[in-house]
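Student: The structure that follows is given in the form of structure tokens.
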Amino acid sequence: MSETAPAPAAEAAPAVAPAPAAKATAAKKPKKAAGAAKARKPAGPSVTELITKAVSASKERKGLSLAALKKALAAGGYDVEKNNSRIKLGLKSLVSKGTLVQTKGTGASGSFRLSKKPGEVKEKAPKKRASAAKPKNFASRWRKYLGTCNLLL
């Protein structure tokens, strides 16, 4: 009979031990979940890297359009519908950095190609107005007016 008594005590001890351990891990899980969300890194290349690869692989002379870019990314296994805003933001940032040049359109729409010198932003120069030489005094302005009207006094 002494052999059967220790057996229930051994079974009771392991049943009691996991309960406090479960409570301790339950208290620690929210802290780990919050920390894990901040330290989480995406698997695979970034959107901007995928965009530059797709544009560089294109043979189009005028650049790769947004629709063709989305098709190329979808063919590579990227979820275009879910990450549409990320694609647009990536395009805008690459254009502002100077990695891509926008050949047509504005914003994230249009066609894009790789710039010849990455990192160098080419800003559009304002168009200079063709200004005629202005006469300095009233008499010369009056003579010019009379000459254009063909009026002789």
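A Cβ is built for glycine as well, from the same backbone N, Cα and C atoms used for every other residue.
Below are the features I grabbed from TrEMBL:
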type     : residues : note
REGION   : 1-48     : region 'Disordered'
COMPBIAS : 1-25     : compositional bias 'Low complexity'
DOMAIN   : 43-116   : domain 'H15'
REGION   : 106-136  : region 'Disordered'
Student: Give the residue counts of the domain 'H15' (43-116) per reduced DSSP state, in the order helix, strand, coil.
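Tutor: Grouping H, G, I as helix and E, B as strand yields 35 helix, 11 strand, 28 coil.
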Student: Take every residue in the domain 'H15' (43-116), average their pLDDT values, and give the whole-number result.
Tutor: 92
